[in-house]
């Protein structure tokens, strides 16, 4: 596997699941596979779960790890040819990225949507440059439009807890004080659809996601209808995708908060969220603390999805 | 050992000393013990000695290490239930801490007293949350009220240099330009008392420490009387503990600086300090540079105390 | 090898080259050599290539690595004796540096020229303190006046590409918007001379380097004459060295930019630069992207030079 952005990169999800569960049963089983191989983790944005779980995953495989924190403000790469570089950009990506590739075997990149330019964000401008110029296998540690390690972990978590072959999964928008990228809901939708689940997406008007991620899902503005009969409820906030409101907060409607009353509409559903979560905005205390809350098991599975992805990449070196 | 805050956690000090000396004689003797075990070091405050010595200790034991620097300003955890999290706190400790526990086997935490609220500081609010919610063994890398890795290293250093079975040890306050926490003197006092030494604490009026750490020590406001016959002089500044002056600087009296003249009152005592030290405030150049100064051996023993603590924790996993 | 600052420290360059090429052919051949040995990398300044390549080098040798980033503003070390430390300096170098030496086997230091005081810079005040007080072998990861890991990598790169026994190598000044230290040109000059190459240094008037690094080179203010017949062109900006202009930018003359027309004067020369490089200031896009550009191979050889240096130091422990 030379890149990891979407479920298509990982191929058969059932097989990937079996690999993940084998890792979970014995997470150091492949500790010789990564011997004398180096993972470079590049963070253009802050990270807690991804930083820790991906380092742990690399260690599970016996890899060496180098973490590079890039202050997005301080390290401005020139991306255009022909520019006289007499300003604040001290290096061109055409040098910086191949050089980073020199010192490692696999690269993970975190680079969030900036909400300055929709086309830059949705073309994955920064991540794509690493794919094109680093000469190494590259995986997303959450990029502008996707967070596949999270969605893979969510998929594993659902498979571990599902009570029917094809569960009803509801992805519901919920209120939040700030504008958040669409990376998590985009990836969640595309993985749930790839897994063959019955996916419903509920959101207020104006919050439609990019259709390329949601083909096959039922889409509604009625949260209560969506929740009826749900087996899994995945709450998440995101800012608007559609023009002319790209990156804007259109609603903070607290009636969308996932509460005990909302969960009562479901088929005794499990509650999920990628974390970090704003309590009593996204979800109430009682729902996130209930035995049916999977937020900690999901986070724990981040180590497993990352180990599975790195294992595939090591095998392809 | 599931937590390490005080000498009570480590049990018999004589046995702990023997373990420490065995480690010092062959510091990689247990390099297989930590194989495929991960230490997570979380810093809410800056660190030089603790960061380096604890990493080295984990490496002595063959552990993997992940270091997480938390900008206390930037990463504000909500701690109350029921709060609508629409402000600057993006995560609740009830999610953040169990998640950190998912990716490691042992957790070290540094979190200083803030001097904003004495009860928060003296209840070890942050450290205790890691103990309660992480699901992992937790040790202090200097918390609000204690610095046990330092005091354990000090104990080892005294045992290596003492000339009598029960030395006279003097902990003396000394002047400093800023308000410093009581963690070091608290732990030093409780370890010296646990070791059965003859401990005297000298400080200006108003600088009494919390009695729970000093039961059994002789306490005086007369530094010269305290120093008479001392075998070890441990200098340290701390801010006031007693109400209503908690966290305040009450004195910068330079007559308390440990000088050659002061050391002449002692039984040719060794000089000790945990570092970093303000020269010619806490201690004069000639005293800290004398052959009887133990400041570097103490610092070197930080690696040993940390290795001994991690070894105990690994053995209990 | 107890220190690494200049070619004199590494001795016979031909033998060092053979060691480097052996490492490049099998970079994990010595992975047992560094077992249970710890490298401490201390950065007083930012780093990309040096940080990554030196960590990779240490991993090639099976070493443990601790990276310490020191904010030069925040961590001010007192260096004088007798000072009453009641200001913003919280630690004296006479404690800080020996303590750092306690927790490692080898130390790498990055500390750039500050351009505040020429004598401080050219006496390598900070690096020298580590050599004098740490008790450990010390190597420069770019210090005030030298960047020997870069120059060693450049030497390897030239040896890999040279078409004659004694190539003509031209070090040419080129324009840049900011004042840059002389460390790279100083080291490049002294390594090229030590390698026995035909070295010409071209620069505008006022940009003469310290003669101690350039003895044996041909020095000219005429770039075109210098380039005639060159086999290798090494472009670099530096600020003035000579008094009273130390650290100043005297020229941004764009006629010194290395262009296709300039390269046409050479003997089909290879183009070199240490990176990061300002395109279309130092060098045009077409020259740096040409097949004769060695900027990426040079950077890749940073791993090799660092591995060779660490190997020598490990062998001498």
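Quick reminder: no glycine exception, Cβ is built from N, Cα and C everywhere.
Among the candidates C:163, C:166, C:278, C:279, the residue that TrEMBL annotates alongside C:142, C:176, C:236 as binding N(2)-succinyl-L-ornithine is C:278.
With a threshold of 8 Å between Cβ atoms, the binding-site residues C:47, C:147, C:149, C:236, C:274, C:278 that neighbour chain A are C:278.
If you check the binding-site residues C:142, C:176, C:236 against residue C:274 (carbamoyl phosphate binding site), the ones with a Cα inside 10 Å of its Cα are C:236. Residue C:47 (carbamoyl phosphate binding site) sits 16 Å from residue C:278 (N(2)-succinyl-L-ornithine binding site), taking the CA atoms of both as reference points. Of all the binding-site residues in the list C:49, C:147, C:149, C:302, the shortest Cα-Cα distance to residue C:278 (N(2)-succinyl-L-ornithine binding site) is found for C:49. Counting in whole angstrom, residue C:49 (carbamoyl phosphate binding site) lies 20 from residue C:176 (N(2)-succinyl-L-ornithine binding site) by their C-alpha atoms. DSSP assigns residue C:149 (carbamoyl phosphate binding site) to a helical segment in the three-state reduction.
Ranking the binding-site residues C:142, C:176, C:236 by Cα distance from residue C:149 (carbamoyl phosphate binding site) puts C:142 first.
The Cβ of residue C:176 (N(2)-succinyl-L-ornithine binding site) lies under 8 Å from the Cβ of C:237, C:249, C:252, C:278, C:281, C:282, each on the same chain and at least six residues away in sequence. Between the CA atoms of residue C:302 (carbamoyl phosphate binding site) and residue C:236 (N(2)-succinyl-L-ornithine binding site) there is a gap of 17 Å, rounded to the nearest whole number. Across the structure, residue C:236 (N(2)-succinyl-L-ornithine binding site) and residue C:147 (carbamoyl phosphate binding site) are spaced 13 Å apart at their Cα atoms.
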